[in-house]
Structures are given as structure tokens and as C-alpha cells.
């Protein structure tokens, strides 16, 4: 779901920067609601079949997971039956959600960068790009831990168990912990208080 929300936010940034005069007519309340509902429905349709696919498999091996929560690639290692359908559906989920969303987010920022480079004033360029900083940071703190978990799950089979646990916890807790900081740090009063707490100084 978070991947879809980040995609919707990138579309918001694209319209705001590339078509600012049409922002109010493109992103109407009705369209925003439709985008939100689309994200929810897509997430439900992707996750709903997974328990039923897993339930049909015979589990005859050890039932100890290497992650702190039920990660699908981790779960499908436990059954002793044919997991071809689970693998195909898992790959379909990754491509149609994370893969598609990240590609569209990247495409939107390519159009944004092209529009920004067309601005003659360097100060205006900086101000325009500054409006995207929070979203770019949110994208990074979501996708970087996710890629890390995927790499460890795929290539770190012989890594210590605590490595899998730490990576899964980072993926689970880092984005929701840092998102409020990212989106509030641009507020001067919050930034001033945070700097005072951390460094004992005011900016």
C-alpha cells in the first residue's frame, strides 16, 4: 500500500511542477479519492490470495522463520510441496507493485527534472526541487530497506539469523519512524526545536 501512496504523491509533485496552472483541475477531490481507493483495492487484491495459496501447501519441515514477521518469500521455503504457483504469484506481485511503482516514480521525476532544468533562475530551480525533497527521502527510506531485505533473503542464506532479523525489523520500523520526521523537518518551528534538542543550538 505504501508503494502505491508514494506513486500517488509523485504524480502530485509532477502535476504541481510540470502543470501548475492545471493542478486544481487535474487533482480534484474526486480524483484524489479514486487514487486512494485504487491503492487500497490493488493492495487487497494482491495480498488476499496469499493465505489461501499457502494453506493448500503441506508443511512438513521446521516452521521457524528467519524474519520477525511473515514475509512471503520466507514462508514459501517451509512447505515440502510444489511451490511453483506461489513463486509465480510472488513474482507477479513484485513486478506489478514495487517494480511498476518505482518505474513510474522514476519516470515522473525525469519529467520533473526536465521542467526544472528549463527554469532560467537558479534560485527558482532550487525552490522547485526543494518541494520534492521530502517525497524523495520517503521513497528512499521505503525502497532501500525493502531492497536490503530482498537481497538478504535471496543471497544471504548462510548469513547469521540475526542479520535476517535486523534487516526485517529495519524494513518494518524505519519507514514509519522516519516519515513523520521527514515531513515535519521543513517546518521551521519543529526544525528549531529538534536542533535545540539534538545540538543545543537554534537555527
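Numbers here mean position along the shown chain, with the first residue as 1.
The backbone N, Cα and C atoms fix where each Cβ goes, and this holds for glycine too.
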Correct range for transmembrane segment (source TrEMBL, candidates 9-31, 32-54): 32-54
Within-chain partners of the transmembrane segment (32-54) [C-beta distance under 8 Å, separation at least 6 from its ends]: 1, 4-5, 7-8, 11, 72, 75-76, 79, 85-86, 89, 93, 96-97
Long-range neighbours of the transmembrane segment (162-183), counting only residues six or more past its ends (CB under 8 A): 2, 66-69, 71, 134, 137-138, 141-142, 145-146, 148-149, 152-153, 156, 194
Overall pLDDT for the domain 'G-protein coupled receptors family 1 profile' (1-183), taken as the rounded mean: 86
